[in-house]
Amino acid sequence: MAADCPEPAVPDHGTLIGLQRKNGDTIRYECDLGYKLGGQGYAICQESAWNSPTPSCDLVNCGAPPPIENGQINGSDFSYKAKVTFSCNAENFKLQGSRERTCQADGIWSGTRAYCLENSCGNPGSPLNGFKVGESYMYDDIVQFECNEGYRLIGSSSRTCKRDNNWDGTQPSCQIIDCGDPGTPENGERVGSEFTYGKVIVYDCNPGYQIAGSRSRACQLNGTWTGSVARCDVSACGANLVGPSGTFSSPNNPNSYPDNAYCRWKISVPAGKKVMVTFNSFKTQKDKDGVEIYDGVSHTFITMLSGVYSKAFSFTSEGNAIDIRFISDGSENSEGFSASYKQVTCGGVLTDLEQTVMSPNYPNDYPNSILCVWSLNIGKPFQLEFEKFHTESGYDLMQGYRSLSSFTQSDLIFDIDGERFAMEPIQASGGQMYLVFTSNNYRTAPGFKATVKKYQINVGK
Ligand SMILES: [Ca+2]
Ligand SMILES: [Ca+2]
């Protein structure tokens with residue numbers, strides 16, 4: 001019978017399990033936590049000897065953690081219970097994963113793998129009614145915000161991507177710029193009812209009052225109106241005038257009008273009639289002082305007169321009222337104007353294509369001794385096409401000027417009388433035409449009919 005096996009050695013940091021030492025018996029070795037077996041974990045007693053040497057218990061080593069791009073591993077002990085930390089090389093990188101990892105007993109690092117990722121705050125978006133400038137959202141990048149015209153930025157106009165992946169400041173919004181109601185002066189009127197950025201309000205005073213403060217005001221970017229509050233003060237000039245006829249003139253005429261004059265005359269005649277105003281003399285500081293004429297019913301702008309006119313001229317309203325303003329600036333003056341008015345039944349104001357001009361009674365004979373004035377203010381090139389023209393030759397005359405504010409010989413574009421057949425259209429590339437028809441006191445004819453038509457480039461040659 002063979003002898004027993006010798007007492008086996010116990011590995012450092014390990015334990016021996018099993019007390020039997022006879023042939024055929026098995027013993028086992030176990031290592032303490034954090035140590036692993038180096039060698040076979042058991043031995044069998046065979047022929048009085050252990051068939052395997054005593055194993056070692058080696059300290060667990062997790063090995064170097066995977067390298068970290070744009071960062072570094074701090075710590076060089078990778079064995080059981082050792083800790084390593086990770087850091088990123090530059091501020092614009094942010095660590096993702098575990099900042100600290102510990103080597104565990106199973107040889108695996110605790111936590112999750114660390115990466116250094118470039119910082120990004122993400123697209124902050126554009127405000128409604130505005131836009132963003134800047135397409136890069138990394139650390140230290142700046143995006144700027146602007147609002148569309150007419151909107152004001154509320155919040156941060158620029159934001160910087162911070163290290164914590166958040167934008168600094170607050171996301172802006174764009175608020176519509178509204179200057180608020182600027183009011184309406186007593187004894188006056190206001191044209192315009194929109195108060196947002198860029199909108200313009202125009203003031204006027206009733207006849208007999210003159211405006212103080214700003215005649216027009218615009219809503220500005222900063223939410224305030226330009227100019228100063230409009231007021232209507234009693235005026236020494238201007239009046240409401242009622243037909244059938246009368247006169248009016250600039251202040252002090254024929255002596256000089258004052259600086260900063262503002263006079264408004266509104267002349268009304270019975271419904272169905274029109275007002276013809278004749279300027280018998282006219283002399284103002286050119287382009288600085290002058291007269292504005294509007295239809296008194298539709299408020300359509302007819303013309304503006306300024307400078308010196310050497311002969312009398314007239315304007316006729318379309319409705320049964322005409323609205324005239326005389327305005328002078330703060331320096332230099334002249335004698336101004338003298339005017340008369342009367343109610344008439346011919347002439348008028350044309351502002352659109354396809355409108356017609358006809359002699360009174362057309363197609364029957366026009367009356368003797370008439371003066372008819374038409375203002376054609378179409379606002380774009382047009383041509384006047386006559387479908388008929390027949391007046392007393394040599395005495396009953398139709399004249400056309402290319403302007404509503406100048407009536408010199410060089411402004412005259414046609415001057416016709418008698419009977420005409422197949423007339424070429426008369427073109428007005430400037431969008432305006434001033435027509436005057438006069439008949440003398442003897443003999444008439446059927447007159448004329450003409451229509452405002454679209455401008456044709458190739459007509460007229
Ligand atoms: Ca002046
Ligand atoms: Ca005649």
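Using the three backbone atoms N, Cα and C, a Cβ is placed for every residue, glycine included.
A quick note: this is a predicted structure, and the numbers were derived from the prediction, not measured.
Mapped onto DSSP helix, strand and coil, the domain 'Sushi' (3-59) counts 0 helix, 25 strand, 32 coil. Sequence annotations record features per position, and here TrEMBL assigns domain 'Sushi' to 3-59 (among others).
According to TrEMBL, the domain 'Sushi' annotation covers 60-118 (among others).
Summarising the annotation, TrEMBL assigns domain 'Sushi' to 119-176 (among others).
The Cβ of Cys147 (disulfide bond) has Pro127, Asn129, Gly130, Leu153, Pro172, Cys174, Gln175 as same-chain neighbours under 8 Å, each 6 or more residues away in sequence. In the three-state DSSP assignment, the secondary structure recorded for Cys147 (disulfide bond) is strand. The disulfide bond feature in TrEMBL is assigned to Cys147-Cys174 (among others).
TrEMBL lists 177-234 (among others) with the feature domain 'Sushi'.
According to its DSSP assignment, Cys232 (disulfide bond) is in a strand. The disulfide bond annotation in TrEMBL covers Cys205-Cys232 (among others).
Residues annotated as domain 'CUB' in TrEMBL: 237-344 (among others).
As annotated by TrEMBL, domain 'CUB' applies to 346-455 (among others).
According to DSSP, the secondary structure content of the domain 'CUB' (237-344) in residues is 0 helix, 60 strand, 48 coil.
Long-range Cβ neighbours of Cys205 (disulfide bond) (same chain, at least 6 residues apart, Cβ-Cβ under 8 Å): Pro185, Asn187, Gly188, Glu189, Ile211, Cys232, Asp233, Ser235, Tyr262, Arg264. When the domain 'Sushi' (60-118) is classified with DSSP, helix, strand and coil residues number 0 helix, 25 strand, 34 coil.
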